[in-house]
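Asker: One structure, pasted below without further comment.
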């Protein structure tokens, strides 16, 4: 890689917020152009940033290698001949020319490695250069690994009524209330269907590692949707414009768009409904205690036998206290005032005698005849 002043390197590093893998002088032309133009290229992450010369710190163009469909060499590799590569992207086709064929082979190795996340099998490179490609591949795989989603609007930034320039104040999180974790298509749909809520939405970028601004401009010819990428760096955020703008916070990103549009745009804020009256909740009702029905089974009676042991006796059946239609009223055997029998035989005789009396009482035909 070519050497250049440290100050330029630091400014480029801040603006792009991407790791530098390779750099050098290039010749570039698009399809339809006749002549190649000189430029200085840097491969940072999966993007080639093109500068007017080596001393400029702001790039003039960039090529997103994630959109690379194919890379073809116009002629076979030859040591004494310039190398020309045709890069076919999803939206354009560009040719890169390198005067030194060895440098061109390095460019091909780095471009294909970051674009496909795989080191090409056939490269005319030295072992040290292959080792560098392995390091770049490992770093790029870590950088492109899925990360956790961006935080939601936990600490909203409230509008300030003091001055239009300080529309949003910084808070602990720095996430403005117009942030929504939605895709580009969803953000554009929200702005199209809810024009009364505002026309600027802050959202995650497509790669889910940075941010983006989606806005709707109401032109005389009709509404126009625009999207801007916001890179996250250690010292703040970079708005990717023709002249990149570095700001310290996401609130400052929003302020920049508001000031540049002379406050003709408004952040997208969904109104929330709130209650205005505190009502007294009803008292908790106490459930009545359940009454356990009394058992209608007489307790088991144990009678002392003459031999000294106490054999269990069967409970005496309940005796109806009075005749009713349902026949469900009984009196307990414990309520009988007669003295307890001394043994089982006497107990049975008493029970049989009582039953006979009841039967005789209820039916005149069963009464004993007088002798």
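Note that Cβ sites are derived from N, Cα and C of the backbone, with glycine treated the same way.
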Asker: TrEMBL tags one of 319-343, 344-368 as region 'Disordered' - which one?
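Answerer: Here TrEMBL associates region 'Disordered' with the stretch 319-343.
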Asker: Could you give me three numbers for the domain 'PH' (19-116), the DSSP helix, strand and coil residue counts?
Answerer: 19 helix, 47 strand, 32 coil
Asker: For the domain 'SH2' (167-272), give the DSSP counts of helix residues, strand residues and coil residues.
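Answerer: Counting residues per DSSP class in the domain 'SH2' (167-272), I get 24 helix, 36 strand, 46 coil.
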Asker: Average the per-residue pLDDT over the domain 'PH' (19-116) and send me the rounded value.
Answerer: 88
